[in-house]
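Database features (TrEMBL):
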- 113, 114, 117, 129: Zn(2+) binding site (BINDING)
């Protein structure tokens, strides 16, 4: 189950199946507790925990997002979602986390995943998903991210594995050192801002080619 779920998580990046979700939830208790404490220690994080915003097509209306100016965070997000056929409502419900607080942290992590795609400039190829999983592990400590980063390369060709080791992992390491704890960002409040300014403010640099298409 562990190997299959880990490869599935990166080889089918938006097929958030029950097996992948269950493994992430059942192995992530300690990491979720640490994430929760980091959010409680931050003013914005506390606000998020108190208000519990959700990201779906009701709270973030696609028509409104599409009407935003080009190069804004919200416009880049909806372009990312629609060009890949992704729908934010399709994420699985958290089922195997008993604590209501930790269940929300897991749900929030899943819902901001696509924001991290947009901010990092990483696409949805296996190489890019593996790189993002490494970054997510450094951000969150979630074991599922580490497992996906470890086993995901099994679905990659040799040249992609070389690129991952020589270029992407050093970039991911630098990125993790220069970005804040991303669970403490209230992304919904920044959708109308230029994405270039947000990347600068939050410490994002774009990845090596070919992921860097922006």
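Each residue, glycine too, has its Cβ placed from N, Cα and C.
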Residue among binding-site residues 113, 117 with least C-beta crowding, 10 angstrom cut-off: 113
Cβ packing number for residue 114 (Zn(2+) binding site), 10 Å threshold: 21
